[in-house]
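Before I ask anything, here is the structure I am working with.
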């Protein structure tokens, strides 16, 4: 209710008529998917919409309530024009330059590839029509998001432009549509905004490459140790093992290594802070990048662990339903009545129990990193789960692998061609991470680290008392 | 606080007093769950709230800070009244009509069933009190959502009403409460808004019916082929197989068919666009409806696939722990020392490996369709996962089924009563979808399709250059 | 763009210059993580930011565009100062008191522990600088949330303070940053706000304790019944069973009991409403608390059920790959050619099928309680899943357990040391819950309950017709 409304019962009726007239008129050039969705959303929010079209009388399905005119006629009454046209067709806009004088043009366009043109679309548009105030914006939204209204990650609209006033006018429309506006500065940021929707999982690239590299390495390492060595030394063809047995060795190894790579950068950062005696120095770039992709590393590790679980659970089916492996079993089962060994029973059952508990915790970590779940957690709860439960998961999974090894560490026969089995290699990194973490939680080390993280600096002894700043 | 405020200590104190007086007073009729939650939320946001009640002195627990008066006394000072009463009790409001003159009445009511009354509650209210400005709204929110503030899907408040000014007043309150407002037009949309909270999974209905139909068909098809035929031809009662073996045949078949039904409409739409030479013609209704329920089809397919995985993993337990099946096994295991067949080993292990990978990708597709995850993806990332990874999943799952069949396609004995086994039937649709998709990605076809999807139209040759509009 | 702008080309240019000058200047004390993130976000939203620092020339990396000055010089031009300093260093602020006269101070600080100080940080600050208007706020946000903008649960900013005007000024900033503001009253609520980020899963505490208690009880109960009794009576050491077999008995028992504890309070509440004849009386505190942690009870139950599934699926692997159990198997398998029993086959397969379906429904319940999924459901859909499907899950899981028992209920040999097996104990509560629920859905009882839930009250017979209020 606006401030003019004083005598309620009288003012409402005429005002409601006036309000209908007052609705701002916006113009949209382009009747493609994006133009239509944008128009529909604007109409729903209470704006009036006029489309500019080459062929005002045959331009397909437009949202109900919108008008269609020729480009010039459509731009005339509106002070804000959305340009929902492909860049290739911008040239015809130049002829309309006089109509655009002093108006705000919102460049909504995207390109199909990065670096397709020497300058950003919005900069090109500004060059074509110097008299208008070009604002780049809304281009990170899909037609779908525009039609259905903002949702979680589609809530933000990025704007950039040289005129603060023009940006404010666009920001007001975006806010009314329910979006949150983020000003990215002058029109020179337009390229950045135009590249944004072309990105494909930028934060997953490094972890995926790492996972791929590790998988390939361990695959060939184990291929040589098992299949090739069996063929060379005994002449047996056990190549079929590639599909299941070998995969079920590679996956848990990669999973454990990647899980420990999640926690290694945190440990390194802590030692770096201890060494430097301050938290106000920047970490080296590689460490920053590494720390930013910990979540992705962890999720990939969870994926490999899940495959390991499925492969493991499928083992007995292969034995029971396929006839091919069974020839090996009866001899074991019937002839040797192995004396029952309680220690081995403890070991086997502990091995499986640790595997199950480790996987359960792994899953818990995965679930809490779902956006909606992690958003519902307070910062302290999130860090409790990701750090305390994370290290517990790492410990249990490492222990699970040690139990797998058991006394085989000492068996000479396991070291085919003088190479250690894969699971031994996989134990190096997690053991190191846990050892370093153990050092960090020693009371004396922990105390120094806590002080540093609260802002204390070793290098500045004369002014300690006021040095602490909120973490 | 703006910079004009210079003599701070002076201006602030009177202003803060003024601000307290300035808080708008809203009235709520009805002290039920919804009325209370609404009042509590309004109070938290800074409004003053007065309840109108039949018995102002005994109306249970109301939010702290709210006043309670008789209906007439409560409505008097407020310009906006929320009607949180069941429609059956609206008649007493008629007596208050003079008090409501020119005020905004927000009808928050819902009905227990659709079409219970000839006119919408809000229209009925408007008829009772013609002098007031009735706005329908807030009824799609639960008391819980009102109390706890807006969250994802509960963020939107739908409004409709005949007075634009009244709607704006209500929209302002809703916006202050943190909701996003969507104007649904005049009061004649009230029925639509009132039916909204009564819907029960409307978008799941078609996929669920399809899943049910497919399940029933394949259940009886396989029942006849296995259980009935075994009873008729050999007199054996293997009806117990219904619970596990038969289910484990039906579920993967239905899952694969439904997965391919996810991708079939997209392929059909592409061919339709190619045939028509434009993307600006509407798809037939059945195709539109089909495309809108692809997500639900996929999630149901994932559900069936999960059941298939669990049933498969349970097989060896049934063999090992239950004594009933075991009589069959020893003979296989001991007497026949089957010569080891590497090809068959490859086939079996590949079969299982494909199943595991297919299920892993299936799960990935399911996870990315969680609202919070899909919202965090850019449009390009989402379409990469749902289309590229989706087709990969379909391919792997189909390949898994072909490996299951292997050379059984040619065995005459498999065709009991001249009917093909179930898995053969399940292969028809996915094979067709992949074949059609293969045609679409042929370079020449792909090029035409891309041009059409960028706005090019074959039917309009004289004006090609300007025809492309933003996709 | 507002309607007053008529001569566009003229007004825009000077206005855009004016707009740049108009941007409000905010001051931040403290250059720690929180101070930097807050500053960066403020700058992005269009504010100008000046940092107050002890050492304006050496205070590390600050967001681009921010100025740094001495504390006094920084506070001078701003009317709003964010205090991002640890409470221990507040004393130096007292010397700046004259500079703060009439200004708004936002206390953003948190403590490391609850009850560390006798008064809240914000109250202490107000006492130090009585001339300023202290507002507590923003402290529930992490530096991360400030930097990346609001997301689901991090969307709310809690404020409290004695000056309504000062709170409004802070609320305006928070709203511009995209947060939703919740006023928590006067400065005396500051302690509550400061305790908020220190909470660690408050709503999980009761369910976790319950789960722990039940697990410990059943663990020792079953330990005595199996391991101890075997050792005492037969002198056999089967302690290795603790890791897998025993765990796989404890987990499903606890899971089933906790699932029934999810539904018991709803049933009790219904009977209480029936007994009292009204829904407007408060439930006893214990019932309220119980009902509020149903979701957590259910999720823990799902966790235990998942462990049960994994443990069950691992059984055959232990048999096949570990040699320790196998000595028992051949005798069963080969010597006794047990006559095939169709009834037992039905029972075993139904037992497993019920387990799988129950777990599938369990998972469905878990998925729909993910915040993003449950938010996307209408209230009616949510209640359909959680109530109808919930009871179906409970029924199937209970039936699964009865099938496990089968005819063993009558076997005397099962009652070691006169104690019933664990699964029998686990059946008591779910059976009771389902029996009570069955009573509630009897048509006559259901009718009364529905009337009560719609607002009807038995105790107030003279005024029935107007007694119903919206649910």
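Using N, Cα and C of the backbone, Cβ positions are placed for all residues, glycine too.
Below are the features I grabbed from TrEMBL:
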DOMAIN    A:27-111  domain 'Pyrroline-5-carboxylate reductase catalytic N-terminal'
DOMAIN    A:253-396  domain 'Ferric oxidoreductase'
TRANSMEM  A:210-232  transmembrane segment
TRANSMEM  A:252-275  transmembrane segment
TRANSMEM  A:296-317  transmembrane segment
TRANSMEM  A:351-377  transmembrane segment
TRANSMEM  A:389-405  transmembrane segment
TRANSMEM  A:425-445  transmembrane segment
Using Cβ atoms only, state whether the transmembrane segment (A:425-445) and the transmembrane segment (A:296-317) have three or more pairs under 8 Å that are 6 or more apart in sequence.
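Judged by the Cβ rule, the two regions do not touch, with the required three close pairs absent.
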On average, what pLDDT score does this prediction assign to the domain 'Ferric oxidoreductase' (A:253-396)?
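Mean pLDDT across the domain 'Ferric oxidoreductase' (A:253-396) comes out at 82.
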Under 8 Å, at least three CB pairs between the transmembrane segment (A:389-405) and the transmembrane segment (A:252-275) (pairs 6 or more apart)?
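They do touch: at least three Cβ pairs between the two stretches lie under 8 Å.
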Quick one: find which recorded stretch in A:210-232, A:252-275, A:351-377 has the most Cβ pairs under 8 Å with the transmembrane segment (A:296-317).
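By Cβ pairs under 8 Å, A:252-275 leads among A:210-232, A:252-275, A:351-377.
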Summarise the domain 'Pyrroline-5-carboxylate reductase catalytic N-terminal' (A:27-111) by DSSP state, stating how many residues are helix, strand and coil.
29 helix, 20 strand, 36 coil
Looking only at the domain 'Ferric oxidoreductase' (A:253-396), how are its residues distributed among DSSP helix, strand and coil?
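Split into helix, strand and coil, the domain 'Ferric oxidoreductase' (A:253-396) gives 121 helix, 0 strand, 23 coil.
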